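*Asks:* In case it's useful when we look at the structure, here is the feature table from TrEMBL:
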- 1-23: region 'Disordered' (REGION)
- CYS71, HIS353, GLU394, ASP424: Mn(2+) binding site (BINDING)
- ARG110, GLU267, ARG268, LYS290, ARG321: phosphoenolpyruvate binding site (BINDING)
- 449-477: region 'Disordered' (REGION)
- 449-463: compositional bias 'Low complexity' (COMPBIAS)
Amino acid sequence: MNPTHSHVVDGRRGLPAAQQPEWPDQNALRRITEELAAASPLVLVEECDRLRELLGAAARGEAFVLQGGDCAETFAGSTADAVQGTLRTLLQMALVLTHGASVPVVKVGRMAGQFAKPRSSRTETRGAVTLPSYFGDAVNGLEFTPEARRPDPARLRTAYETSAATLNLVRAFARGGSADLHRVQSWNRGFLTDTPAAARYERLAGEIDRTLAFMRACGVDPRQLHTTEFFTSHEGLLLDYEVALTRVDRESGRAYSAGAHLLWIGERTRDPAGAHVEFFSRIANPVAVKLGPSTTPDELMAYADRLDPDRTAGRLSFVVRMGRDRIRDLLPVLVEKAAGNGVRACWLTDPMHGNTFTVGGRKTRRFDDVLDEVRGFFEVHRALGSRPGGLHLELTGDDVTECLGGGRAMGVGDLRRDYASACDPRLNHSQSLDLAFLVAEMLQDAGETTGRDAGAATGRGAAQPASGGRDANLRRP
Ligand SMILES: O=C[C@H](O)[C@H](O)COP(=O)(O)O
Ligand SMILES: C=C(OP(=O)(O)O)C(=O)O
């Protein structure tokens, strides 16, 4: 990267940057970030701008966001089957939400780049051995050996390459006919079908098929329904990686992350005076900030002023992760502060991260706690007349046993059966669908009380994440 320009987007000098790896080989780091700075962008400027528009619609209550995927993607786990499983789960959930609540759903994967994890502790001890914690595949390996746990900058290159491969599948899936609404039945294929949620989904799919047949009979052109819009996101944690993947758009002269459509700042790195907020203030993608229980109204205003000084709807989202016990007490003051100061953020609920506990040495979450936090989120917005903008979830299409409860009543004894997450517990396919049906009901109620008009906020197929377009306008900083 041209050092003169890296300064434009970097902004780290002298600022505290939390949760950064101590790369043992600085020469290798420099070589690899230079390679990344010269690599092709993964996403395009107009895709990022389109997502900002859609998030703006969600902030106004004209759309609803579904953001979800793995807690920690892994290189080995980024197989075609796994990627398609997560995509199909998200599409099914989006269908349930759209159908149940007549609201367009903006689909954003925690995918194609979610390879870095902030940790509570820098080290992990097992018996007499202490090693660096696992910080995600972009940094080190999960295996508990000194070799695997040593941060290796070559992993940044693999993170980029794996993101590109995943994104390729995402684009093929979204545009190549697999996401065609005429194939809603097939989205259920390969998943367990003996669950209450699957049976409910089958009935819904049948209903959609009949509606499409009716539309065809009426002469409605269904071509728009063949493809879908799908966006990617990850936590913009590793500044070495994120800065290297920033490009300047020739047309507007603005810097964009070319690594994902949306980046978020995590709970552990949201210091308003820190390097993450500084870097995020320099990119034009839609951005989000996770808000945990200690967030103050003044901090909230600092994020708004630093990241969205022009108050552009869709530029800034707040992802609230307070925990089921506290959301009803802690969220109102933040929503009121934002509303009172003209902050036009899109509010999302992350009902996962405030509800984690450990049982038998495994981290888990109760489905009912997750649901209760979502309920609390809706209640607060309803009471204040503001808009619940969407969901941020850790989920997978696999039949894992990581979270408790749901329609199939997963118990503590089940946790050992198929616990595959590299970090935090995810909702499995059936729990994800269960949640979607329940949230659709909440959305329906919210729509009835606010007179939500989904209107033409989002046009299916209006702008597909596709190759081509303005990538020619992206130049390296
Ligand atoms: O996903 C979020 C964090 O990275 C995760 O909860 C941290 O987990 P830890 O508390 O086990 O480090
Ligand atoms: C680390 C995460 O969450 P939080 O920053 O909210 O703890 C995450 O979503 O992966």
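Think of each number as a place in line: the chain as shown, counted from 1.
A Cβ is built for glycine as well, from the same backbone N, Cα and C atoms used for every other residue.
How about a rundown of where these features are and what they're close to?
*Replies:* Sequence-distant neighbours of HIS353 (Mn(2+) binding site): residues of the same chain at least 6 apart with a C-beta under 8 Å from its C-beta are GLU267, LYS290, GLY292, ARG321, ASP424. The DSSP secondary structure for HIS353 (Mn(2+) binding site) is coil.
In the three-state DSSP assignment, the secondary structure recorded for LYS290 (phosphoenolpyruvate binding site) is strand. In this view, LYS290 (phosphoenolpyruvate binding site) is surrounded by 23 other Cβ atoms within 10 Å of its Cβ, with every protein chain counted.
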*Asks:* Taking DSSP three-state, what's GLU394 (Mn(2+) binding site) in: helix, strand or coil?
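*Replies:* Its secondary structure by DSSP: strand.
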*Asks:* Non-local Cβ contacts of CYS71 (Mn(2+) binding site) (under 8 Å, 6 or more apart, same chain)?
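*Replies:* ARG110, GLN114, LYS117, GLU394, SER421, ALA422, CYS423, ASP424, PRO425, ARG426 - these are the non-local Cβ neighbours of CYS71 (Mn(2+) binding site), listed in sequence order.
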*Asks:* List every residue in the same chain as ARG268 (phosphoenolpyruvate binding site), at least 6 positions away in sequence, whose Cβ is under 8 Å from its Cβ.
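*Replies:* Long-range Cβ contacts: ALA18, GLN19, PRO118.
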*Asks:* In terms of DSSP three-state secondary structure, what is the assignment for ARG110 (phosphoenolpyruvate binding site)?
*Replies:* coil
*Asks:* What is the set of residues, excluding CYS71, HIS353, GLU394, ASP424, whose C-beta falls within 8 angstroms of the centroid of the C-beta atoms at the Mn(2+) site?
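*Replies:* Neighbours within 8 Å of the Cβ centroid, excluding CYS71, HIS353, GLU394, ASP424: MET352, THR356, SER421, CYS423, PRO425, ARG426.
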*Asks:* Applying a 10 Å Cβ distance cut-off over all chains shown, what neighbour count does ARG321 (phosphoenolpyruvate binding site) have?
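*Replies:* ARG321 (phosphoenolpyruvate binding site): 22 neighbouring Cβ atoms within 10 Å.
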*Asks:* Which of GLU394, ASP424 has the fewest nearby Cβ atoms, counting only those within 10 Å, among these binding-site residues?
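*Replies:* Counting other Cβ atoms within 10 Å of each of the binding-site residues GLU394, ASP424 gives the minimum at ASP424.
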